[in-house]
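TrEMBL has this to say about the protein:
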type     : residues                                            : note
DOMAIN   : 7-414                                               : domain 'Enolpyruvate transferase'
BINDING  : Lys22, Gly92, Arg120, Gln167, Arg336, Arg378        : phosphoenolpyruvate binding site
BINDING  : Lys22, Ser23, Arg27, Ser165, Gln167, Asp305, Lys332 : 3-phosphoshikimate binding site
ACT_SITE : Asp305                                              : active site, proton acceptor
Amino acid sequence: MGRLRVTGAGALRGTVRVPGDKSISHRALILASLADGRSTITGLSTGEDVTHTRRALTRFGVTFEEQIPGQWQVTGGLRHEPDDVLDCGNAGTGIRLLAGVCAGVDGISVLTGDQFLRRRPMDRVAVPLREMGAGVDGREAGRFAPLVIRGGGLRGIAHDSPVASAQVKSSLLLAGLSAAGPTTVVEPHPTRRHTEEMLEAFGGKVAVDGASVTVHPGTLTATDVTVPGDPSQAAFWVVAGVLATDGEIEVPGLYLGYGRADFVGVLQRMGAEVDVDEATGTVRARASRLRSVEIVASDIPGAVDEIPVLAVAAAAAEGTTVISGAAELRVKESDRIASTVKMLRAFGVEAEERPDGMVVHGRADFTAGRVDSHGDHRIAMAAAVAAVTRAQGDTVIDGWESVATSYPGFARDLESVAGAGVCAPADD
Ligand SMILES: O=C(O)C1=C[C@@H](OP(=O)(O)O)[C@@H](O)[C@H](O)C1
Ligand SMILES: C=C(OP(=O)(O)O)C(=O)O
């Protein structure tokens, strides 16, 4: 198992260019595959999740050619069932969005993933896709992958989603492209709008009205997509800049659209010196004194993947932070309520689980610890931020290899802001 040793550093300074947005990358690959003609995608995420989605799409006969690093030419026209099992790796976004695609094509598709993905709930897409007319089966009556989908002959539905999930919404919108009649999804809280935004760019007919989205069936036309930087990855550097004794970090070129950068507002509520330049998509962070905050249900959809690193910020704040309305965290790559609390405790922080969140008691310094990522990239990266900014001594993070799912160059970027030698592979 891969391990990373991280040493504390007083100063964290510089500019970090994060990888292309993971959510946008999955969608760019899928929509370019469905579209007729050739699309060029520039700045695609280099993470393994997105690579799995690209490879899965080749099973449908779509071709991808990397012209220069990060720039892909896609020849779309996906119409037929895949010729092999689709391995989605660790990617919840990949499997759920592809399930929608598979429901829309005539024939049989089988989708699976790694040991973590096979534990995550799939009934949230299986149930509405069945209602649209697809046959969806899987382990435990379709609750878990591997999933077997018999696609084609769909009808549009109106789905009241019990969970605020952009993956569920997107899965149904993708299936809806080939259904008879419009498909509407209503969410309990509005979530990120990448699928809606990109469907429009590819000539799809989609209408957003608050928490309700409707797609009309139709074909897509190839277009070129430039993938902006991933705000979820930027969050690690922003929190690092805020927590460092001497911190000043900027992250340019980010997607700052709806439902993705709400972590900035949460940090500002905590008293962090963080500002945003919308024109250049830049977020800048400076070392700040933080106070505790309440993070509630309405904060979650726009900061869902940032909760582990926001919990690290809370652990360094004065007072007690309560996070609620975040039960969805239990069904991510790990149970992120349990794994975040365990990670904080490994640094000597007092923290408790709640069924739908956690309580974090802030303290001035962390003790260096040994942390387990639980196979979860966001826990590993949040731990690295805690270790480099606040821990006294060296920290070893077990399961560091999970970081490759979304941010293979994270350790290199950490050295670029904190100094060469601040982290290194560990043997013990
Ligand atoms: O649609 C997406 O790209 C994503 C939606 C979120 O998941 P849910 O839809 O399950 O909330 C998020 O956690 C995930 O990292 C990416
Ligand atoms: C939850 C995540 O991704 P996914 O659901 O695509 O596995 C994530 O990247 O934090």
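Placement of Cβ uses the backbone N, Cα and C atoms for every residue, glycine included.
Locations of recorded TrEMBL features on the structure.
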residue : record                           : Cβ contacts under 8 Å, 6 or more apart
Lys22   : phosphoenolpyruvate binding site : Ser45, Gly47, Asp49, Val50, Thr93, Asp230, Ser232, Ser406
Ser23   : 3-phosphoshikimate binding site  : Thr93, Ala166, Arg192, His194, Asp230, Arg260
Arg27   : 3-phosphoshikimate binding site  : Leu97, Ser170, His194, Thr195, Met198
Gly92   : phosphoenolpyruvate binding site : Leu117, Arg120, Gln167, Lys332, Glu333
Ser165  : 3-phosphoshikimate binding site  : Arg124, Glu187, Thr191, Glu328
Asp305  : 3-phosphoshikimate binding site  : Ser232, Ala235, Lys332, Arg378
Arg336  : phosphoenolpyruvate binding site : Ile307, Pro308, Leu329, Arg330, Asp376, Arg378, Ile379
Measure from the Cβ of Arg378 (phosphoenolpyruvate binding site) and count the other Cβ atoms within 10 Å, all protein chains considered.
29
Max CA to CA distance in Å over the 3-phosphoshikimate-binding set Lys22, Ser23, Arg27, Ser165, Gln167, Asp305, Lys332?
19
Just counting, how many other CB atoms are there within 10 A of the CB of Lys332 (3-phosphoshikimate binding site)?
20
If you average per-residue pLDDT over the domain 'Enolpyruvate transferase' (7-414), what number do you get?
97
Cβ neighbours within 10 Å, counted over all protein chains: which one of the binding-site residues Arg120, Gln167 has the most?
Gln167
Close-lying binding-site residues around ligand 1 among Lys22, Arg27, Arg120, Arg336, Arg378, where CB distance stays under 6 Å:
none
Just the binding-site residues from Arg27, Ser165, Lys332 whose C-beta lies under 6 Å from any atom of ligand 2, please, or none if there are none.
Lys332
Secondary structure at Arg378 (phosphoenolpyruvate binding site), reduced by DSSP to three states:
helix
